[in-house]
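Features of the protein shown, as given by TrEMBL:
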{"type": "TRANSMEM", "residues": "A:12-30", "note": "transmembrane segment"}
{"type": "DOMAIN", "residues": "A:13-87", "note": "domain 'Glycine transporter'"}
{"type": "TRANSMEM", "residues": "A:37-54", "note": "transmembrane segment"}
{"type": "TRANSMEM", "residues": "A:66-86", "note": "transmembrane segment"}
{"type": "TRANSMEM", "residues": "A:93-113", "note": "transmembrane segment"}
{"type": "DOMAIN", "residues": "A:99-173", "note": "domain 'Glycine transporter'"}
{"type": "TRANSMEM", "residues": "A:119-139", "note": "transmembrane segment"}
{"type": "TRANSMEM", "residues": "A:159-178", "note": "transmembrane segment"}
{"type": "TRANSMEM", "residues": "A:184-203", "note": "transmembrane segment"}
């Protein structure tokens with residue numbers, strides 16, 4: 001077991017905060033899609049827990065944490081209640097929600113990477129699953145809402161790259177035997193700040209070269 | 001192992017009936033979407049077996065029952081043949097199909113809950129997976145057909161709530177050590193009747209409060 | 001363990017070629033959908049590895065080969081680079097790409113079937129998972145790209161049937177104790193040639209009978 005960044009109870013609280021903000025993003029999309037309260041709850045759960053579910057199934061950690069930790073399951077329901085009653089207010093503080101979402105991105109790409117490594121996966125696979133932990137819930141959210149995943153669209157600010165950077169920092173630290181609470185925290189903060197900068201300056205990834213010559217714009 | 005509601009062979013027959021009617025609903029959607037015979041078979045299989053597959057992967061019951069029980073696999077193919085040749089007639093008895101579908105909902109939410117509990121999950125997680133067993137196939141069906149899942153839409157009669165009620169009754173019975181064939185049957189019948197009532201009186205779940213003030217209708 | 005068609009290192013090379021051409025098909029769709037470079041990489045990975053991931057999760061082979069074999073992970077990234085810089089040229093040789101894709105279909109339906117059987121599944125389940133190995137990645141590709149899966153559409157040339165035939169040949173050989181390198185190769189070639197013929201002569205599967213009488217065309 002790798003060392004923990006925080007004590008277990010602090011780590012758990014941090015996880016729940018990340019789950020809460022991811023759930024808020026799912027619940028807000030559900031309201032925009034005009035889903036009923038049950039649809040809001042499903043989208044909140046899937047967005048918050050989907051990435052971790054995918055990672056746990058891949059590494060053989062079943063039943064996944066989402067089904068063994070009651071707090072993980074109840075937190076998205078709390079987010080559902082908040083959005084159900086207060087969503088105009090939540091929409092209004094969307095900027096703050098996005099800052100928390102960036103924090104969740106940083107935390108989950110790092111904790112997902114270390115968990116995968118703890119289960120015996122290689123460095124590249126661990127980083128990939130760390131990234132998938134952070135972004136997987138959002139992809140499932142968009143698939144269930146019948147939209148093109150925000151993650152794949154060129155007209156959205158960078159989201160995966162900060163997670164890839166954070167996960168890569170963790171596996172480099174593991175490789176060079178330098179994973180300490182300090183370097184772990186540095187990886188979280190780097191992913192978090194990169195995502196904030198990407199939103200602030202609208203950083204986007206390039207599309208394929210010479211697109212226009214053969215392919216119609218959609 | 002919890003006690004069974006029925007003898008194993010009766011239980012198996014009941015399962016196959018539930019799988020058959022779920023498969024019919026998948027096959028009918030495939031015909032409506034103009035899929036070919038193979039697409040009809042895929043949608044029938046996914047609708048009938050998808051919820052149980054998800055549950056089995058989550059609880060670590062691999063290979064899932066869908067791949068170890070030949071009857072589970074062949075029943076949706078039978079439904080495919082029926083719909084392929086007779087779908088105008090099947091469409092005509094849609095009301096009867098929906099009654100059977102409600103029966104499948106009741107059976108699967110209860111059997112899914114008890115199976116998850118048998119594999120050591122907690123009460124909340126067992127109820128959640130019981131509900132997922134009952135509704136998961138329909139969600140996968142709609143995702144593959146590139147539609148917004150019927151489960152999430154506000155303009156559909158309650159579908160998840162009856163499954164939640166049935167699954168909750170089962171875990172309450174387990175908690176109070178009162179799970180008998182009688183109470184199990186009561187949970188099945190309650191979910192079944194609730195779903196029939198929801199269809200009869202068009203019960204729907206509410207959408208978020210104050211929607212119109214900030215969010216466009218879609 | 002069933003006997004291998006090729007020596008392990010040749011088998012691995014063959015697998016990587018199949019993964020590469022599947023990844024090309026995912027990357028090309030991503031360019032057509034106007035995704036950014038990261039979206040291209042995700043769709044390439046999912047298309048190439050999704051079918052095998054599904055099979056490995058179902059048979060309990062976790063972590064899946066996609067996460068333990070670095071070559072499996074890196075090959076789709078190579079396809080991403082190729083398509084990113086050269087996609088007009090890749091589009092131009094689309095016919096050649098489709099021939100390789102047919103070869104991948106033949107290889108994966110056979111190797112997927114034998115792997116499932118090695119893990120103790122029955123003959124029908126093994127053939128089903130072999131077919132799913134070959135076509136699953138393409139279905140996930142289309143779901144992520146928010147399109148109706150090409151596999152299900154009536155207006156596409158037969159794709160699943162060649163995979164079903166190849167997988168069925170393998171399980172028949174297993175059943176009659178006749179699985180040799182020669183018969184294995186024959187199954188691969190049969191699926192490959194059937195797919196080429198389906199493309200050449202636009203073989204399609206029938207839709208449900210009497211469709212028009214009750215169902216609107218879409």
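Any Cβ shown, glycine's included, is placed from N, Cα and C.
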Legend entry - Intrachain residues whose Cβ lies under 8 Å of the transmembrane segment (A:159-178), provided they are six or more past its termini: 2, 102, 105-106, 108-110, 112-114, 117, 123-124, 126-128, 130-131, 134-135, 138, 150-151, 184, 186-188, 190-192, 194-195, 198, 205
Inset, instruction - Write out how many residues of the domain 'Glycine transporter' (A:99-173) are helix, how many strand and how many coil, based on DSSP. - result: 59 helix, 1 strand, 15 coil
Inset, instruction - Across the whole of the domain 'Glycine transporter' (A:13-87), what does the mean pLDDT come to? Round it, please. - result: 93
